[in-house]
């Protein structure tokens, strides 16, 4: 919750524009709470009432909490025809401002005072008073049904619209006013309307509002307040009744009959007397009872029912729920904000403002990366929200520092990653590709120079020009240089540490080897010129500190477990991995006491230390741990994101160079990934905050160095939606229900075109395009054979089914059950809800093929380690198992699960009996060689009589399995085919591969290539066909994106961005309206596919 502003905020003036959005039109009232303004929202062209508390009511934490709680209560009431709607709350100038529905008709207090209430004579005014009383009672009933007691019911808190509709206002603000000097009791009520129990400061329930309501109705019939305290009104009413209804006390002023109150009808007086009883238990049970009785009296006296009828609360749509969530967030109520955002996105999964605000909140909390947020916004923009989302995406880009020329990096080409990529093969006399070596890159703090060690060569580079200034032939690996780039240390081929002058290349010093064995190697070096030290960690478990001037050891510390040694410039603090994790050693040349900082298992993972020595960060698996003053944070960074780490001098920012070529910038105190910098191709092997405090330098294996500007503070503002009044929302909801109901009748009668037209009209209603009611009807119509899908309107993740899976999922033919690979086994899930079914255990983490049988009763698996098994989908019980001696790099099962076609480690393709593992057929011939562990693709028909396999020279073969005869070959790809998809009903074959960017469509009968789908940025990782055969889903092997293609034209209709997590598997549901996806982060998601529809032409 934001604290109060420094100083007292200035009051708003008429004509002033506040926060670039609100023009002040009028200052309405000033009371104990503060000022009420009438403002116009300049973008929406809507008038709003803004209730602003006096600054002195918001001075202490208790006052702040009270006002926040009361404002939260009002926001949560929703929209009711007889409650003044609170649209949202915003904190401006350090104070929360309540933005409510503006009602131009004034208050009931004003209507009583200026006698508008009594216009038209006694009969008309009696009917008016009774109607307003009933409507006020309805509004209070709505609050009571939600557990809220108003505690300050009075005519001033009943507002009227232009048509005279009564709406109760100021819910929850009585307590806030209680500290403002207004005449209120301990419960926050105005004393003239207070109930006896409130005056006695007793606990209150809803019956206190019945009492105050009755006092207000009494005043409507008397025209004035002549009592000092509410508890005496019952006696005054009795006196009034006995006196014939003229005057309340001898001192009261009575106006002429023409403009005065009408007589109090006896039935009303009798009801009010019951409401004004001393004991709450003696009053009517509820406000609903009071409203019903008053409505009956209205009918008896006027001969007609109240024409507005029984009210109902409007169903809030995504716009209103988004505003509620933003209000809760501004009030510091994060759980309530998350719940409201969830409800908004359930009402419309692609709602622009809710997607933006929710994403912004989770990004700032560290739950999303900047790329996650941008991917969600881009997806919502692609699904029809371009006009509204453009400015929101720009705001996010500004906050992450990615807007304008100053946001662009400076890139230099430096050829420091050169090595001999090929070597002679001892087996066949040819040449084979060498494994790529590691590289060390040590830039200077100003980014001007960099020292590298790669493939046995140590070189000094001028970064801006890419020139190699010097090669140090006596050094081989493990290097460092001082801050001004004048001296360097490294390890030579003899294992000794040497100090070099980089100006002339002279060796200045050879450091005495205090090693414990002849095989000892130095694994990490730090040159600390200010401290006159060189510090190194060795393979024999020691950390050595050598004096620069003498080359002798100043200290030897035990307990080094590998990895890097980090140190402050003065050498008084060392940080390195000990047996149990990261430790700090203060005064290493003195006491050398070790202090545990972070637990972690693997010492080879990176670690870094801030310049001031107060903060340390280390990679622990796929997470980053940061320890510092008042900070012990854990950041979910993802595998390889922290391949290289650097902390800013003050420890406020943490940079990570990734194996994926990205450079990420985190805020350790929030866990937020503030910015992801992309540009490198391949590993990033150095990151350093430059001495100017404004830039970050990264260096990668792609032979480039990049200088990135650090983001400056430009926080994006929350985005509110244009509020709608109750009547508009209620009308839209009624129209939607009527259209959906009519569409259902037309569909049932077989009139699909009429049904589709009605649903199109329903989806065009504002805020209802993705209403669950219309989506259900839309998907039901899509399943009709007389209706066809023509394109993809939108796609979104409906829910997360599971966390911690990997690889491609399998979906049962009826779409009800999902099987996913998990650590050590297979997990079965309900596809609609994610409810967990049986867990099949005992499988190693190897690549394999996971499938259901055609009846969905059995789960099948063939693994690269030769595992072949079947299990009951209902119980998880093992039904059969076998072992394939040569493994199953790729595999395909028959529909009944009796046979499996598998490619073995020898690249042979064989048909096996699943139950026994017995080989029943070998497809003789050259099948080519697999480019990876699991080999090229293959496909086996459901009945097992036909197969398609990837063959030599990028070919594809069609086989008759019973005879083992090759029927046909397909040629056209330029790399080994890794994905095959067959649509036997339509006689089509689809193929793709990792290095060939094309997806090809073939005629199975003729072998002709019918079509090549549009180029992709990279290879194809998977291919799936929609149930109607009109659309293809493909996974990008390089970018992890899910693409939707129109098979008939070859056009790519939609790219569902894969970055940052990417998709690793997809299975469309049997009705085409959904798909189960596995993301690269292990989440299993159910996606909704929202298709454009058309009615088929009758032949």
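The backbone N, Cα and C atoms fix where each Cβ goes, glycine too.
Some features that TrEMBL has for this protein:
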| type | residues | note |
| --- | --- | --- |
| DOMAIN | 22-301 | domain 'Protein kinase' |
| REPEAT | 645-676 | repeat 'WD' |
| REPEAT | 677-708 | repeat 'WD' |
| REPEAT | 970-1012 | repeat 'WD' |
When you scan the chain for residues with a C-beta under 8 Å from the repeat 'WD' (677-708), skipping those not six or more beyond its ends, what do you find?
409-417, 436, 438-443, 445-447, 450, 463, 643-649, 653, 655-659, 661-665
Long-range neighbours of the repeat 'WD' (645-676), counting only residues six or more past its ends (CB under 8 A):
363-366, 369-371, 400-402, 606-612, 614-619, 624, 626, 628, 631, 633-637, 639, 682-689, 693, 696, 698, 700, 702, 706, 708, 710-711, 1060
Mean per-residue pLDDT computed across the repeat 'WD' (677-708):
95
The repeat 'WD' (645-676) resolves under DSSP into 0 helix, 18 strand, 14 coil
